[in-house]
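**Q** First the structure, which I've put down as C-alpha cells, then a few questions once you've had a look.
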Amino acid sequence: MARLCRRVPCTLLLGLAVVLLKARLVPAAARAELSRSDLSLIQQQQQQQQQQQQQQKQLEEAEEERTEVPGATSTLTVPVSVFMLKVQVNDIISRQYLSQAVVEVFVNYTKTNSTVTKSNGAVLIKVPYKLGLSLTIIAYKDGYVLTPLPWKTRRMPIYSSVTLSLFPQSQANIWLFEDTVLITGKLADAKSQPSVQFSKALIKLPDNHHISNVTGYLTVLQQFLKVDNFLHTTGITLNKPGFENIELTPLAAICVKIYSGGKELKVNGSIQVSLPLLRLNDISAGDRIPAWTFDMNTGAWVNHGRGMVKEHNNHLIWTYDAPHLGYWIAAPLPGTRGSGINEDSKDITAYHTVFLTAILGGTIVIVIGFFAVLLCYCRDKCGTPQKRERNITKLEVLKRDQTTSTTHINHISTVKVALKAEDKSQLFNAKNSSYSPQKKEPSKAETEERVSMVKTRDDFKIYNEDVSFLSVNQNNYSRNPTQSLEPNVGSKQPKHINNNLSSSLGDAQDEKRYLTGNEEAYGRSHIPEQLMHIYSQPIAILQTSDLFSTPEQLHTAKSATLPRKGQLVYGQLMEPVNRENFTQTLPKMPIHSHAQPPDAREEDIILEGQQSLPSQASDWSRYSSSLLESVSVPGTLNEAVVMTPFSSELQGISEQTLLELSKGKPSPHPRAWFVSLDGKPVAQVRHSFIDLKKGKRTQSNDTSLDSGVDMNELHSSRKLEREKTFIKSMHQPKILYLEDLDLSSSESGTTVCSPEDPALRHILDGGSGVIMEHPGEESPGRKSTVEDFEANTSPTKRRGRPPLAKRDSKTNIWKKREERPLIPIN
C-alpha cells in the first residue's frame with residue numbers, strides 16, 4: 001500500500017507536464033500558420049499592383065500609338081485627375097531642339113512619368129494630378145546640366161506646354177597623380193576657381209579602358225545663382241508627417257562628372273569640394289552653410305550635411321566633404337544668417353531706401369516753406385491795420401492848423417495811441433554829450449544833419465535838444481519850488497518878486513487835490529513821463545516891444561513866437577505835478593477866453609522887472625552857421641497845436657526850438673521870422689516891409705498872423721530898460737492879453753539871437769537859474785509899475801474893469817492885424 005501511494009503522485013505529475021507541453025505546442029503552430037498567411041497576402045497584393053501598373057503602361061502606349069495614326073480615335077475615357085502636358089527641350093545656347101532627352105515628372109516628390117523626347121524635342125505626357133500637390137518636371141541629357149522646373153497650381157489644368165532649356169556642361173582640367181585626382185574649372189581667375197579632389201582608388205575603370213580615356217566636366221551652375229531665375233530652387237526636408245518644401249537661395253553651385261568611353265563613371269567616397277562664395281556682408285569665415293544635393297528619386301534638393309566657410313587668398317571659399325560626385329549647392333536655411341541675401345538684393349534695398357529718403361526730405365522742405373509763407377502773410381495782414389492807423393495819425397497831424405495859435409480841441413487820445421505804437425527810446429533821444437559849455441561851435445555839416453534829423457523824426461517830430469537840465473537841480477527844486485524863481489541879492493525891491501511868487505505857489509496842495517479830482521473829468525490820464533520835460537515850463541517869459549527903445553539893444557533881445565489872437569485863461573486847474581524825481585508846475589487844462597466874461601480882462605497881473613541871469617558859457621550858437629533864411633518847423637509848431645490841452649506849453653517849446661535854431665552872428669539890421677507852413681522856400685512866402693524906425697515909441701503892432709511870428713520893431717529913442725515877464729501867481733483865474741504886447745514886423749527871414757540874452761537863456765535852461773535884477777538899467781517908469789503891482793495884489797482891486805480907451809485900443813490893434821495878412825493860408 002505504501003508503494004501504491006508513492007506511485008500515484010508521480011503519475012499525476014507526469015500527466016500534468018504532458019498536458020502543459022501539448023498546450024504550448026498548439027498555439028505556436030497556429031501562429032506559424034497565421035504568419036505564413038499574412039506574408040502570402042502581402043505578396044499577392046504586391047503582385048496585383050504590379051499587374052495594374054503594367055496594364056496602365058500598356059494602355060498609355062496604345063493610346064500614343066493611336067494618336068500617331070491619322071484618323072484613329074481613343075475608345076478609353078480619360079479620368080478627371082489626368083491632364084495633358086507637353087514638354088519642349090532645347091539647347092540654351094544654340095536654341096536647337098534636343099532629341100532623346102529624358103523628361104521626368106514628379107508629383108508630390110514621387111516619380112509618376114518618365115519618357116524621352118522625339119526628334120522634334122517635344123513629348124506629350126498624361127499627368128495624374130490632384131489640387132494642392134507639388135509638381136516637378138526635370139529634363140537632362142548626357143553632356144548637359146540637369147534642369148528642374150518646380151510648378152504648382154491652384155486650379156486643375158486641361159492642357160499645359162512648357163519649354164526647358166539645358167545648359168551644356170563645361171569640360172574641366174584633370175590632374176592625375178599617383179594617389180589623387182584633381183579636377184579644376186577653366187576659369188580666367190585662378191584665385192576663385194572651384195576644385196574637386198579625391199583618391200585615385202575611387203575610380204573604377206571598365207575592362208579594356210585606360211586612365212587616359214577619362215574626361216571630367218566641372219560646371220558652375222550660374223542659372224541657380226541669379227535672383228530673378230525662373231528655375232528657382234526648391235529644397236525638401238523630411239519630417240514626421242512627410243516632406244516639407246522650402247525655398248532656397250544658393251550661394252554656390254557645381255556639377256562634377258567623369259566620363260570614360262562615353263559612359264559616366266560612378267565615384268563614391270570622400271570627395272573634397274571647394275567652391276568660391278559671393279562676397280556678402282553677413283557671411284564671414286568660420287560660418288557653417290548647409291550642403292544640398294539633387295536627389296533623382298524625389299526630384300528635389302535634399303540636405304546632406306554642412307560645409308565650412310574659409311578665407312583663402314583674400315577670398316571666401318566653401319569647403320565640403322561630399323560622398324559622391326554630381327550636383328552640389330551651398331544654400332543657408334531660410335531665417336538664418338546669410339539666407340536669401342546677395343549683392344543684387346542689397347543694391348535694390350539701398351536704392352529704395354535712398355529714394356524714400358529723398359521723397360521724405362522733399363516733403364519736409366515743402367511743408368516748411370508753406371508754413372514760412374503762411375507766417376509772413378499772417379504777419380503782414382496783422383501789421384497792416386497798425387501801420388494804417390499810424391499813417392492816418394500822421395496825416396491828421398499834417399493837415400491841422402500849423403499856425404502858432406492855440407486850439408482847445410482835446411486830441412490827447414490820438415496822441416496816446418500814436419505814442420504807444422512808436423518806440424519809447426526815440427522820444428528820449430537826449431544828446432547829453434553835445435550839451436556842453438566847453439564844446440566848441442560845431443561844423444556846418446553837423447548842424448545840417450541834426451536839423452534834417454529833426455525834420456524826419458517819426459514820433460511827432462518834437463525837437464528834443466537836451467533834457468539833462470531836468471535832472472541838474474531837480475532835487476533842489478523839488479525841496480524848494482520857489483528857489484529857482486527867487487533872485488539872489490537885489491538892491492531894489494526883491495521882496496515884490498518873492499511875495500508874488502510865494503503867493504502864486506502858496507496853494508500848491510489845494511491845487512494838487514483839485515488835480516486828482518478833476519483828472520478823469522477832462523477825459524485824460526496822467527501824462528507819460530517821456531513828455532514831462534515838454535509840459536513842465538513853470539513860467540513863460542515874454543518880451544514886449546515897448547521895452548526896445550534903442551537899436552543897440554535889439555540884437556541881444558528878440559521876442560519869441562507868441563500865440564495868436566485870443567487869450568489863455570488859467571484857473572485853479574494850473575498846479576504843480578510831482579512825479580517821482582520830476583517836480584515842476586504843470587497847467588492841467590487851459591480854457592479858451594471865449595468862455596470868460598469881458599470883466600476878466602481886469603485880472604491880468606504884469607510884473608515888470610529888469611531881470612538878468614548870470615552869464616554862463618553855453619553852446620547855443622551851433623546852428624548859426626547853417627541856418628536858412630526861412631526857418632520852417634511845421635512839425636514842431638503843429639505838435640504845439642495838436643497836443644491839447646497843453647498847447648500853450650508846447651507853444652513855448654516851439655519858441656524855444658526856433659530860438660535855438662536861430663542863434664548866430666548878430667545882424668546889423670533887425671530881422672523877422674518867416675515860417676513856411678508847407679515847406680515852401682523863402683522866395684514863395686509873401687511878406688511886407690514896414691518901416692517903423694522912428695525916434696519915439698509907436699503904438700502900432702504889426703504881426704504875421706498866418707505864420708504865427710511876432711516881429712518887434714526896434715526903437716532908437718531909448719535903450720532897453722527891462723524885460724516884461726508874465727508869471728502865473730494868483731489863485732483866481734488870470735487872463736494873459738497877448739494883444740497888449742507891442743509887436744512889429746520887418747522884412748528879413750532870419751532872426752539873430754545870442755546866448756547873452758538873459759530871458760532866452762532862462763527859457764532854454766529850463767528855468768533852473770535864478771532871476772537877477774540889474775538896477776543900472778532901471779527905467780523911470782519901473783517904480784511906478786511895481787507900486788501899481790503892489791497896490792493891486794488884493795482880490796477886490798484885481799476885479800476892477802479896465803478903461804474903455806484901453807479896450808478900444810486893443811480892438812483897433814487886432815483889426816489892424818486881421819486886415820494885413822502876410823501869407824495866404826492854403
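Just so you know, glycine gets a Cβ as well, placed from its N, Cα and C.
Note that the structure is predicted; figures quoted are calculated from it, not measured.
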**Q** Just to confirm what the record says: which one of Asn113, Asn391, Asn476, Asn792 has N-linked glycosylation site annotated in Swiss-Prot?
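**A** In Swiss-Prot, Asn113 carries the N-linked glycosylation site label; others show none in the record.
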**Q** Quick one: which of Asn268, Asn500 has N-linked glycosylation site in Swiss-Prot?
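**A** Looking at Swiss-Prot, the N-linked glycosylation site feature maps to Asn268.
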**Q** Write down the residue from Asn108, Asn432 that Swiss-Prot flags as N-linked glycosylation site.
**A** Asn108
**Q** Candidates are Asn213, Asn581; I want to know which one Swiss-Prot annotates as N-linked glycosylation site.
**A** Asn213
**Q** What's the CA to CA span in angstrom from Asn113 (N-linked glycosylation site) over to Asn268 (N-linked glycosylation site)?
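**A** If we compare the Cα positions of Asn113 (N-linked glycosylation site) and Asn268 (N-linked glycosylation site), the gap is 28 Å.
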**Q** Please determine which of the glycosylation sites listed here (Asn113, Asn268) has the lowest count of neighbouring CB atoms within 10 Å.
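**A** So among Asn113, Asn268, the glycosylation sites given, the one with the fewest Cβ atoms within 10 Å is Asn268.
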**Q** Hey, of the glycosylation sites listed (Asn108, Asn213), which one tops the CB count within 10 A?
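**A** Top count of Cβ atoms within 10 Å goes to Asn108.
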**Q** DSSP secondary structure for Asn108 (N-linked glycosylation site), reduced to helix/strand/coil, please.
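**A** It is coil.
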**Q** Calculate the distance in Å between the alpha carbons (Cα) of Asn108 (N-linked glycosylation site) and Asn268 (N-linked glycosylation site), and round it to a whole number.
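**A** A Cα-Cα distance of 28 Å.
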**Q** For Asn213 (N-linked glycosylation site), what is the secondary structure state per DSSP, taken as helix, strand or coil?
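**A** Reduced to three states, the DSSP call for Asn213 (N-linked glycosylation site) is helix.
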**Q** Round to the nearest Å and give the CA-to-CA distance linking Asn213 (N-linked glycosylation site) with Asn268 (N-linked glycosylation site).
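**A** Cα of Asn213 (N-linked glycosylation site) to Cα of Asn268 (N-linked glycosylation site) measures 19 Å after rounding.
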